[in-house]
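Q: Okay, here's the structure, questions in a sec.
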Amino acid sequence: MTAYIGLLCLLHLLITLVLSIDITYHVKEEDRPHTYIGDIAVDSNLSHPLTHQQHTLITFTQLQRTVESGSHLFNVTNSGKLYTTQTLNAESLCTYNKECSRIVKVAVRKGKTFMKILRIKILIEDINDHSPEFPQNEVEIEFSERDRKGDKISLLNAIDKDISIKNSQITYMIKKTKREPFSLSVEKRYDGVYIPTLVLGDKLDREVKDSYTLTVEAKDGGNPPNTATLKVHVSVTDVNDNIPIFSQKVYNISISNSHQRHLPILTLKATDRDSGDNGKISYHFNHKTSQNVQKYFVLDKKTGDLFLHDNFQVSKKQSYKLFIEARDGGKPPLSSVTKVQIHVVNNQNNAPLINIDFVSPLSESSAAVSEDSEVDSFIAYVMVTDTDSGPNGEVICDLKHDKFKLAKIDSKEYKMIVKGHLDREIRDHYKVSIVCHDMGSPQLESKKYFSVKVTDVNDVEPHFTKETFQFLTYENQKVDFPIGFINATDPDLGDGGQLTYSIINDNNNDNIPFQLTKYGFISTSQPIDREMKDIYKFQVLVKDNGTPSLNDTANIVIEILDKNDNAPYFTFPNNDPYNLDVHYHPHSKKDITILRASDKDTGNNAFLTYGILRSNDKNLFTVNSHTGVLSFSRTVYQNDAGTYELQFIVKDGGTPVQSATTAIILTLFVSNDTSPMLTAVPFQSGHDLNMTWVIIIVAAAVILSVAIVVSITLCVFRCINHTNNSPTTAENPNFLSQTEMRQLLYQTNNPVAITRNAEEIFNRNLQTIKSKSQFFLEMEQTPEEWKFSTTQRRLPPVPQRCDSIHSQGRRTSSIMSYNSDTLTSQKDREASKSNGKTKPYDEIPAEPEYTNDNPVAATILKGQQIQDTYLQPT
């Protein structure tokens, strides 16, 4: 006996746990669709002991979204948020003075592992959204003259469709004048409805007044209350003063679910002692009968016969409650209500019904499952219904498959889970069937067929077609100018094969003037200046849209090609105009100074050529177009002395050509000084000026005298040599041309004047030099390496020499030393500093020295007192 009681207690505990409610929510009716109700994830406390990362793995799936269960009225998101799907109307969903609620079942998973089924109870709260309503706006009643004080006539009662007692409770009051002999009382009917009654307050005299008009106001118990009014027209005559009376206050009946639809299940009967229309009764569903219940029954208004509707089906609900009203034909009509309790007995043996809710449905009969799903991963919720009683309603289900199986949750609830490892590459589709049968005799069986599709996962990384993409583009292009495409491949399908490109942002990429679309197209984002930077290197990223997303990187190299967008500029002279004083001696060299310019461009765009624009009317000056060396183009005479405002131009080799100009105010002093070495003319202060002029005049007189004597001697000697050696020039025409081509190129920060070649002396001694012409040809032959590069030129080492110069650009006077240096643009010099070496231009040979190895030349130079002093470069 004790064991039996313990078994009963255990069974009761299991039933309690199965039927227990996990969470209860409240929601008001008539709220708009998608109203937020609550957070199941929070309120169920399932995520309380979990970390935040584990909490994100919990998902919720609503089960049994059917009309019969009412769960279709609500929606549960994957994260556990509960919402309404439509506007809720408590009056159409529930019955009067009963708890209005629905149960929603939710499956909870952690990742792909089933956790439990939650039962959520949602209470639908009634609001005062209906006002009391009288069946008619106006009624007519009659009092007889013979009626006495205190006689009553029942009026129409107002109906409030709200289902809560508070909102549907109605009170009445009458609005009248003091002379009207009526009052209002309220009487409670059997069904709990209060009926307003008009009470006669005094005997009526039809000859004095045969009619009255009163107003009855009905007010419900809501806050704020709603009201309705009824116009009551009272005629002094006989009235309908008897209400219909049912033969029973409550009807309790039981019917079989196989009851024939054309036969009544009950015939209601009410009587009225009044005669005529006042005693004629009709039958109606009272407003307290739920609309959900009314749709299963049909009531004959005249006979009171109650039938089952054609759409009546036996479900879990085995009993129904109806309120039927009997109404007479009086004015106003009187009525009474009875309650009908119907119990349905199921005598049939029906096959079980199988309902499947897939976690990832593809259709009503197919589901999707990922190939990386682990064993015991939750796939579907299976519920079996069998309305039969006894063994006929006991059900057993089975699923025979090597990849899937059923796990029992409750007596008629199962979960379908993964049984074996899935591999989409081996098989991507399975056909599955679930078989359920009851325990009746004979056993009835149902089968449910469906398919399971195995979906792919993103397991292949995208891959660039190259490790490094190289592009060329010109500088100064407009924004959005196309550079090129980059490409990557990914063999995955769906989102796993959809690729998106982007530039990897780091500190080195902040100023990259390029942009990359998500489709791999590179274009400029701003104008590019090659002079600021001529090559850009950065990395790009490609990633797929799979979960998790996979990616790859590649290098981008974009070289910027030069455009001729920079004009050359003079670095010497650095003043415009620049003042330059040149003292010319007969023994001076032709070279005066070197013009220097630079260009920030490269290649042909930085290949510079020099020229004279104006103030060279005497053709006294020439400038080497490539080296910028300014020199005398012919013999300088005494009358050439003076001031020349020379304007020079430098052009680059680009298209279109860019140029710059500068001016030198050159003051030429011509002297007959035959000193082998020119001395510097010091700049004197004002108080020494008079003494300086005295010294200059005396020195000039002495020099002039010596020059006259020397000139006469030279003329005589030339005439003699010319007579004896006239063929020499013809035999060696190359000698003079080579001598004229000799140039010393200098790069210095100050203007220079170089002593002129002693051509006349060599002309007077051609005969002697002829015997050694081969020596001079070897020494002065134009080098084969004389070339011009578009980007660089370099000079060979040149001996240093001292000459006299007087510059007025900054009015400085000094002994100048000439360093052999490299002629480069400003950019070349900057590059040489950074690289630690200079990219050489091709070289121009230095002028040969005349030493003891050439005794003839040395003797001639010494005899004519022509002496140049060379200092070896440091």
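Just so it is clear, glycine is given a Cβ too, placed from its N, Cα and C backbone atoms.
Not my notes, these are from TrEMBL:
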COMPBIAS  805-825  compositional bias 'Polar residues'
DOMAIN    41-134  domain 'Cadherin'
DOMAIN    135-246  domain 'Cadherin'
DOMAIN    247-354  domain 'Cadherin'
DOMAIN    361-464  domain 'Cadherin'
DOMAIN    465-570  domain 'Cadherin'
DOMAIN    574-678  domain 'Cadherin'
REGION    789-856  region 'Disordered'
SIGNAL    1-20  signal peptide
TRANSMEM  693-717  transmembrane segment
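Have a look at these and tell me how they're positioned relative to everything else.
A: Model confidence over the domain 'Cadherin' (41-134) stands at 85, taken as the mean pLDDT rounded to a whole number.
Across the range of the domain 'Cadherin' (465-570), the DSSP-based residue counts are 7 helix, 48 strand, 51 coil.
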Q: Assess whether the domain 'Cadherin' (361-464) lies in contact with the domain 'Cadherin' (135-246), where contact requires at least three Cβ pairs under 8 Å among residues 6 or more apart in sequence.
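A: Taking Cβ pairs at least 6 residues apart, the domain 'Cadherin' (135-246) and the domain 'Cadherin' (361-464) are not in contact, as fewer than 3 fall under 8 Å.
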Q: Looking only at the domain 'Cadherin' (41-134), how are its residues distributed among DSSP helix, strand and coil?
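A: Tallied per class, the domain 'Cadherin' (41-134) gives 14 helix, 37 strand, 43 coil.
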